[in-house]
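Quick look at what TrEMBL annotates:
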DOMAIN    11-206  domain 'Succinylglutamate desuccinylase/Aspartoacylase catalytic'
BINDING   21, 24, 116  Zn(2+) binding site
BINDING   63, 178, 288  N-acetyl-L-aspartate binding site
BINDING   70, 71, 164, 165, 166, 167, 168  substrate binding site
ACT_SITE  178  active site, proton donor/acceptor
DOMAIN    219-299  domain 'AstE/AspA barrel-sandwich hybrid'
């Protein structure tokens, strides 16, 4: 798969969002710290704004108040007439779009880093929404190389029906950062350190780009979403089987046809069907029980990024 366009304009405005989900505490903790002392995220000639996206959910340490903030940044919700009857997160999305957008306009922020935690064993994960974006392919390559030997995976959410309107999607270059495993409402020092390093390397990349450094062609391995898999359910719609122990914590590992996927309470193993190997992600994610998602199947592929260089002004 080959990219088809390159970024040239220098990056001027960057936001770092924490608390899009109020019980994912690493981003909340880091953003609150940077609001008090932002020295480590400042780079010459670059505006970097840390921001708590869902303060009510953060205060209550819950994922959201009325609905998932990370799903409501489509034109339908952003264009609704402001009213107290609107869900809190829809009103908040309109406020965020006003502050950092408008979405799909020249005035929107250049980059938004949206910080998330997962209860799944995902490690350091970068979320890419556009397989043709040379700038982000280059950035992700830089971050992955800088973090090595610590693994860093790239999750490509480009899909005609499975992608959704994320909080970060109002930026020209949206970047999701997902680090786990970490329980909801909990802080782990190792997870915080990993997320902090990912942001540092990302900002260093932007600084180097703005200084005129040329980044030669590169390639990155990505995992593209193909399908979301629900738990087996009984006729009442209740979960009838659990993630199999051999699948638990095996995010990013190859899952072959016939491999165990679910385990019923009476000990029956339900294997993977189909005829091709997949790579599971968000395995047994706590936040996705309500979304009826046990895990997502991905396909592993390579993206090629063209050489990029800033047109210094």
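Each residue, glycine too, has its Cβ placed from N, Cα and C.
Each residue in 21, 24, 116, 117, 118, 119, 282, 285, 286, 287 lies on the same chain as 63, 178, 288 and has a C-beta within 8 Å of the C-beta centroid of that N-acetyl-L-aspartate site, without being one of the site residues. Look at the Cβ of each of the binding-site residues 116, 164, 167 and count the other Cβ atoms within 10 Å; the largest number goes with 167.
For the binding-site residues given as 21, 63, 71, the lowest number of other CB atoms within 10 Å of the residue's CB is seen at 71.
Taking the C-alpha positions, the distance from residue 288 (N-acetyl-L-aspartate binding site) to residue 21 (Zn(2+) binding site) comes to 13 Å. For the N-acetyl-L-aspartate site, whose binding residues are given in the record as 63, 178, 288, the maximum C-alpha distance rounds to 15 Å. The domain 'AstE/AspA barrel-sandwich hybrid' (219-299): residue composition by secondary structure is 3 helix, 34 strand, 44 coil, according to DSSP. Sequence-distant neighbours of residue 165 (substrate binding site): residues of the same chain at least 6 apart with a C-beta under 8 Å from its C-beta are 71, 72, 73, 74, 77. Per-site Cβ counts within 10 Å over the binding-site residues 70, 166 peak at 70.
Note: the CA-CA distance between residue 164 (substrate binding site) and residue 63 (N-acetyl-L-aspartate binding site) rounds to 17 Å. The subset of binding-site residues (21, 24, 116, 166, 167) lying with their Cα within 10 Å of the Cα of residue 63 (N-acetyl-L-aspartate binding site) consists of 21, 24, given in sequence order.
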